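According to TrEMBL, the feature domain 'Cytochrome oxidase subunit I profile' maps to B:22-529. What TrEMBL lists as transmembrane segment is B:39-59, B:79-107, B:119-140, B:160-180, B:201-228, B:248-272, B:284-305, B:317-342, B:354-373, B:393-414, B:426-448, B:468-490.
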Amino acid sequence: MLFSLLIAPAAAEAALPPSNPGTPPMSDSPWSLLPAASANAEALDTLYIFFWILCGVAFVGMIGVQAYFMWKYKKPAHGHAKTSPLTHNGKLEFIWSAIPTVFFVILFIWGEVEYMKQVTPPPDAMDVRVTGQKWSWTIEYPEVKGCSLTNDLYVPVGQPMRLTMTSVDVIHSFYLPAFRLKKDVVPGRYTVLWFEATKAGLYPLMCTEYCGDEHSSMVGRVHVVPQEEYQAVLAKACELKQGDAETAEDFGARVVTRGGCASCHTTDGTVKTGPSFKGLFGKTETLADGSTITVDENYIRESILEPNAKIVSGFSPQMPSFAGRFDDKQIAALIAYIKAQK
Amino acid sequence: MSTAVQSQDPHPAVEPSYLVSKRGLMSWLVTVDHKRLGLMYLASVMFFFLIAGILAIVLRTELFTPDQDFMSAQTYNQVFTLHGAIMVFLFIIPSVPAALGNFLLPLMLGAKDVAFPRLNLLSFYVYSVAAVFLIVAILTSGLDTGWTFYTPYSTSTGTAVITATAGVFIAGFSSILTGLNFVVTVHKMRAPGMNWNRMPLFVWAIYSTAVIQVLATPVLAITLLLLIVERSLGIGIFDPAMGGDPVLFQHFFWFYSHPAVYIMILPGFGIISEIITVHSRKHIFGYKAIALSSVAIAVISFVVWGHHLFVSGQSELAGVLFSFLTFAVGVPTAIKVFSWVATLYGGSIQYNTACWYGMAFLWTFTVGGLTGLPLSTLAIDVHLHDTYFVVAHFHYVMVGGTVVAFIGGLHHWWPKMTGRMFNETAGKWGCLLVFVGFNVTFMTQFFLGHQGMPRRYYAYLPEYQVMHQVSTIGSYILALGLLWTLIYLLHSLWKGDKAPSNPWGAVTLEWQTQSPPIEHNFHETPHIHGSPYDFPEIDKSAGALHH
Amino acid sequence: MSNDHAHAPAHVDDDEHNPHLAHHFDTMGQQTASAKLGMWLFLATEILMFSGLFLAYFILRMFYPEMVLEAHEHLSKWAGGINTVVLLSSSYTMALGVRSIQLGDAKKLRLMLVLTMLCGCIFMVVKYFEYSAKFEHGMLPGKFYSAHLHGYEIEGLPHIFFGVYFLMTGLHGVHVVIGLAIMLWMFIRAGRGEFSAKNYVAIENTGLYWHLVDLVWIFLFPLLYLVK
């Protein structure tokens, strides 16, 4: 695992196992696993270090005094020493109330100033729409028609981005540790998050509001790319067509990644929230009402478009519909992919 | 200033202790004696501490590797939910007030019992019914909402949310009744001469706690009732699909649950004030500051709930206000810690187990308090919210604060409650294991959280593995320490030396009656003439004393 | 804050013979003061519990003002009005009951308890008819709402309004029933001669509780029935 810190982002991307779609390396620093990839992150790290110094001094001071008293005023071996009649000292009490108050006010104001920057997107920010659902992030770019990515956010360096976010089911929280930002993603309302990335690279994106079974798998990637490459990279990412030299099965694998299917469906036989793709095709399953069904092309197609129509017993209706997100060619490729998982 | 001492044990062995004054199972089941009820609560909360502690170890073991190991996602989610729900509602909230508080409050006040002994018995059975509901929930389809029951997840998941929330709803009533009983007891049952300035600080702490219990818990009750109705009838207050607002639930919930955090920690403060004074033979430093800071914390605790919603999309203005108010809680908390340290000055500190726990508390609680600062700082909280940093912070406060104080208090009053002395050497080893294990477990989690590890993940990015493994090993050490403590304490019940009435040389009233006390606590109503911290070792000639 | 508990020597002789003095109290005065303080605290918790519901109501009204206006037209102002009068009268009879036992008149206390209970029962009967009408018209909470199938078209999300309506009046109704049970118990105890001019704190507390039930209704009635 530690070696993943040392390998280059591009190599790591290629090495990602399909069952764990969001494992970008975080940092090459031995001191912090966490890179600072936005202006906000750098400003916050300064405040955070200030806090550590402040608390460190306070803690060491207090524990130091405590340890000294414990050593100095230890009870003698026999009997008790006479003890001090001290009960209070107004001046001292005032000082130790006032000093923390001053530092609290400093922390409060400093935190406030940074916070206002965090919540005020500049007018030239580029819009991206984010939809949270169990258990993936759908990311849409208004300027690229029909582009809907799953768990992959592409942003150019130095360009303010404004994410307008909502959820289709429960509350999620959109967390970008490398930018030191998060915001809840709430059904029935929009929340906004903005940032300006400063360093190209690949960073994790995680859900931090508990949202059910595969909360831990609601992990995606932020690709920060140089301005001049951005359009091309995004266009390529948005494209989801079968390549000339690509088999239907390989194309299907890409469709699976795009759909974020792996957060619920494994290919190694492990049952997560949905059935594993391994050996799924051709199986005979019992539905909740007792009837049986054979997993064939039609059933898989129906399960993608209308997931809750026929649920195999032992599973719960959790899957969102992919109607409108996948076209017929993509579904056909997906079926081919599932067939190949023997 | 004269001491509050009655002549010690004026009628030795004339009357049997409360443990044996009546016999048979029924005499326990229908007892209205606050001391017996205290013991019954103690046994119950310890049972649930054990259960929820085992769940914690299971969680930490699963987290030893980044991948899924021996639990499915659903199982993991249920286990962390139950760990939290049981720890909060069946262990920590009743631990100090209902177990130690019940036992000690009337004794410290010089009263025969609490104001409403039958209501006290009722509280215990209400608590038991609540526990049954939670157990039924576990045995049927479990609970996977997290202990916070956030909507709309809690209104849509397939687990036994209604049974579990009904259990918590009922537990709330137990808490309300106990709080009500204690407030009236403190107001009306004090022995002659015990004015508000002569009450032990443990009583002050329990009193502040009881006020919060009475004022905050009804809101929890109605919140959970709304949740139950939402889930069963779908009235649409919290469910966005039906026109409601899911964040509204969080406001309702934290309006109770943040004050509830202080229900959990304030009694711990009280214990520490007693332990530090008695084992250093010093008058508490800043009695009024400590007593009033408890009250201040209780009051401010009602207006800080919004810091749980810093990233929920609440208005920026609300964020600013709640951030400011949250810092305001820090001031009385800091005053307390400084006053405890200052109390040690010029003392005669006896290194025994209870004292060690008191010293450990100063360390762990200070860490917990200081790490609350970045969480109150809006901008930093945005990064740390719902990460392991928060997990570590509240464990430092809840375990490092409340549980360490509770175990310390248990050692301090063990001779009084059981009439037996435990083995001090064993006690110190236990304390050391708990202290080291606890810090290894949770100190690591601050770093994990700052580096972006979110809460409630059963599988995580491999970068975090080393720290997770350190944390897991720490949790084993902590568990070992707690088990060891359980063993030697139980052992003392059979093999321990008989406890004298006042083994630590304390001057509060509970030590002025025999160990264990008689059924009606005192042979004759005590009269109080001075401070509860006026130790005979204090050198009155040493300095100017102005009272 | 000075020493506010009752260790006054007055009546000590009386109290030692008073069978109503519990073992852990020193004087009747201390016992009575404790019971009263306990009751006031309990009432505080009740008010806080209802205030949670009132808060939910105000948020609902803030979100959907038109819907609340339209939906409330379907509540019977007459039934609500009659119930208000009935409950107010019952508070009066209850107060008279407390007064009579303070003067030592247990017989009149029993009469007043009967009158109060009667009012409480009338309240519940009216409530029964009101609820039945709502059930018939499908004006039910949440997912059971089906008024549109019975020919009542209410714009917006009336299921939330009726959810809150049933929750608030239902919880209040539960309190009325509990109040009736307590009064019945007090009636029996008064019959056994347990209360006197020196021992009436239980009656007083019953009265306080009943006034609270009344008070909550005084808020519910205008908020739910008389929105306009």
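Keep in mind that glycine also has a Cβ here, set from the backbone N, Cα and C atoms.
Keep in mind that this is a model prediction, so the values were computed, not measured.
Within the same chain, the transmembrane segment (B:284-305) packs against the transmembrane segment (B:201-228): three or more Cβ pairs sit under 8 Å, each pair at least 6 residues apart. Contact counts against the transmembrane segment (B:354-373), taken as Cβ pairs under 8 Å, peak for B:317-342 among the stretches B:79-107, B:201-228, B:317-342. Outside the transmembrane segment (B:426-448), and at least 6 residues removed from its termini, the chain residues within Cβ reach (under 8 Å) are 60, 351-353, 356-357, 360, 363-364, 367, 371, 387-389, 391-393, 395-396, 399-400, 404, 407, 411, 464, 467-468, 470-482, 484-485, 488. Contact check: the transmembrane segment (B:201-228) against the transmembrane segment (B:119-140) gives fewer than three Cβ pairs closer than 8 Å, residues 6 or more apart, which falls short of the contact criterion.
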